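Peer 1: Please find one structure pasted underneath; my questions will follow.
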Amino acid sequence: EPDSAADTGTEAACSNYDLKKGCAKIFDPVCGTDNILYSNECLLCFQNLQRKTNVRIKRRGTCQEPSPR
């Protein structure tokens, strides 16, 4: 259902990370569907694991909507 992608976000690629080892300290921010800014995709996955949640990626970069020019 591609139409709903805007509402539900994109699945984070959590299988790409070894979450038991933790996440690299890189700043490549993603905004979760919980409207929280995560420093990188791995940290979003890590929080999902810790909290038993399924937060998805709402957008890459900050959570603020780009302001219209």
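Residue positions begin at 1 at the first shown residue.
Just so you know, glycine gets a Cβ as well, placed from its N, Cα and C.
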Peer 1: If you pull up Swiss-Prot, which of CYS23, CYS63 shows a disulphide to CYS42?
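Peer 2: Among CYS23, CYS63, the record in Swiss-Prot lists CYS23 as the disulfide partner of CYS42.
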Peer 1: Which whole-number value in Å describes the distance between the Cα atoms of CYS31 (disulfide bond) and CYS23 (disulfide bond)?
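Peer 2: Rounded to a whole number, the Cα-Cα distance is 17 Å.
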Peer 1: Measuring Cα to Cα, how many angstrom lie between CYS63 (disulfide bond) and CYS23 (disulfide bond)?
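Peer 2: So the alpha carbons of CYS63 (disulfide bond) and CYS23 (disulfide bond) sit roughly 21 Å from each other.
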Peer 1: So which one is it: of the disulfide-bonded residues CYS14, CYS23, which has the fewest other Cβ atoms within 10 Å?
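Peer 2: It is CYS14 that, of the disulfide-bonded residues CYS14, CYS23, has the fewest other Cβ atoms within 10 Å.
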Peer 1: Report, as a single number, how many Cβ atoms besides its own are within 10 Å of the Cβ of CYS45 (disulfide bond).
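Peer 2: Looking across every protein chain shown, the total is 20.
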Peer 1: Looking only at CYS31, CYS42, CYS63, the disulfide-bonded residues on record, which one has the least crowded Cβ, with the fewest other Cβ atoms within 10 Å?
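Peer 2: Least crowded of the disulfide-bonded residues CYS31, CYS42, CYS63, by Cβ count within 10 Å, is CYS63.
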